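S.K.: Pulled from TrEMBL, these are the listed features:
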DOMAIN    B:19-248  domain 'ABC transmembrane type-2'
TRANSMEM  B:20-43  transmembrane segment
TRANSMEM  B:55-82  transmembrane segment
TRANSMEM  B:102-125  transmembrane segment
TRANSMEM  B:137-161  transmembrane segment
TRANSMEM  B:167-188  transmembrane segment
TRANSMEM  B:200-219  transmembrane segment
TRANSMEM  B:225-245  transmembrane segment
Amino acid sequence: MESIISIKGLSKTYAEGFTALNNIDLEIQRGEIFALLGPNGAGKTTLISIICGIVNPSCGDVKVNGHNIQRDYRTARTEIGLVPQEIATDAFETVWAAVRFSRGLFGKAPDPAYLEKILRQLSLWEKKDNKIITLSGGMKRRLMIAKALSHEPNVLFLDEPTAGVDVELRQDMWRMVRGLRDSGVTVILTTHYIEEAEEMADRVGVINRGELVLVEEKHVLMKKMGEKELSLQLPEPLQEIPQILADLPLTLSSDGYQLVYRFDIKSEDTGLTEFLRRLNAANIEFRDLHTRESSLEEIFVNLVHGARLEREEQLSKEVQE
Amino acid sequence: MNWYGIGAIYKFEMSRTWRTLMQSIASPVLSTSLYFIVFGAAIGSRMGDIDGVSYGAFIIPGLVMLALLSESISNASFGIFFPKFSGTIYEVLSAPVSPFEIVAGYVGAAATKSMVLGLLILLTARFFVDYEILHPLWMLTFLALTAVTFSLFGFIIGIWADDFQKLQVIPLMIITPLTFLGGAFYSISMLPEAWQKITLFNPVVYLISGFRWAFYGVADVNLTLSISMTLLFFALCLMTVWWIFRTGYRIKT
């Protein structure tokens, strides 16, 4: 698949010495929804801000649709629409004036029909003559999206698009983002809501402390790194895990009625057969069972936690040396 | 050149003026008219002519210049400060507009507003005081040059300021005193000799003097010197703005 954004060796160190991004390499494919995950302060917004021209990179190369963001900034920026994390609008302007302004700013001739289409899609057409200050929070957020789409960009950045948004609006937004992808727009969203990435993304990138920890197809990632749980509901409670099962990765619920076996789905030998054989040998019956795969959230926490442990180990080694 | 981009910023800024007509236009016209009534029509009639010009007419160029300077600075500084304050600056910074186009939009709108205001004040003055304009083209040239230069200066203040107080400090604490002491209400030849020399360090003297010459053909300082000093200040402002965009000072990290 063809890249629409190509990032090579990108780093950003602020004047006070804080390194927000460290040697990032990333290719975003045309037409995909790419979710950039990371805890607060990981560098997600800095990465977006550099691509959009709001922050200067310290080093590295970024191309949008083949255009360098610094040397050929006009063409590169025309390709991009940005919905920032914070709702920032001129409160006393009307909705219509705000989208007209955005379109003009990006060098596009007025096209009332197109702007009408965007506002209708985002259920804002009825509010076009209203001042922004009179809109609800959800409408303001939709207006930010309308402004970002007003110049017909090929790439849309959504920085924490559903932060502080209620469940209904969040699902509306997810539908809208999928619709945009279907119309050919590449969508890059940053989020720390894992369910958002899980629900929408084609690929996921995890960033932590300015470093890209991994980039992977969402389904592959969940398959590669996911754990599965087999939960057994017991008819009689157990006081403790029997000796015959003691070496298996099992946990017993506090009331003794549930036995949970964890296994790695990527492993060739999951140990399930052996577990069931020993269960039979121990004469333990069960009345129900179900399995559950680990969520992207658990994978993400493991990744970030793993990286932290590695760092701590390295630090501890350095101190000892 | 992104003409649509310049146009978008320009129209957006101008629409703010029409939205706040009382504050942007009516209020400065009214307050300057009070000067005409008090110093021109009332007290002025009891004062002697200065350089052959009635006192009421003599103060007109200085008062127009006072309004022009303060409105140019305040319009341009607020125009760029507010997007920084509200966060909407992200849109301008991420748009395919060059620094020149950004400045052209903001400064162009601020200068237009203050020129419209200056001309309105001149029209209003007609109701209270008789005056003539000997060199109308020069008058318009000074008006435009001053409006653009001080709008550029205001743009710099708007970038520099990180709170509302700083936005007001330079116009109120520096520009207004310099204008009052720059010959708005008197000819500097009326000052003691030592003060005449000190006054020449006040850049506003050159603006008012040149502007007054366009009206009545009389000036405190040589016309060429007036134009040169104005152009010098314009060049300094341009260089500062160029440096701001080159370094990203207070707009880009």
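Placed from the backbone N, Cα and C atoms, the Cβ positions cover glycine too.
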S.K.: Against which stretches of its own chain does the transmembrane segment (B:102-125) lie, if we need a Cβ under 8 Å and a gap of at least six residues from its ends?
M.R.: 5-10, 12-14, 17, 24-25, 28-29, 32-33, 36, 40, 60, 63-64, 67-68, 71-72, 75-76, 79-80, 92, 131, 143-144, 147-148, 150-152, 154-155, 241, 245
S.K.: Within this structure, do the transmembrane segment (B:20-43) and the transmembrane segment (B:137-161) have 3 or more Cβ pairs under 8 angstroms, counting pairs 6 or more apart in sequence?
M.R.: no
S.K.: Can you work out which residues elsewhere in the same chain, 6+ from the ends of the transmembrane segment (B:225-245), have a Cβ less than 8 Å from its Cβ atoms?
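M.R.: Same-chain contacts beyond the flanks: 99, 102-103, 142, 145-146, 148-149, 152-153, 155-156, 159, 203, 206-207, 209-210, 213, 219, 251.
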S.K.: In terms of Cβ proximity under 8 Å, which residues at least six beyond the ends of the transmembrane segment (B:167-188) contact it?
M.R.: 39, 50-51, 58-59, 62-63, 65-66, 69-70, 73-74, 77-78, 81, 154, 157-158, 161, 195-196, 199, 202-205, 207-209, 212, 220
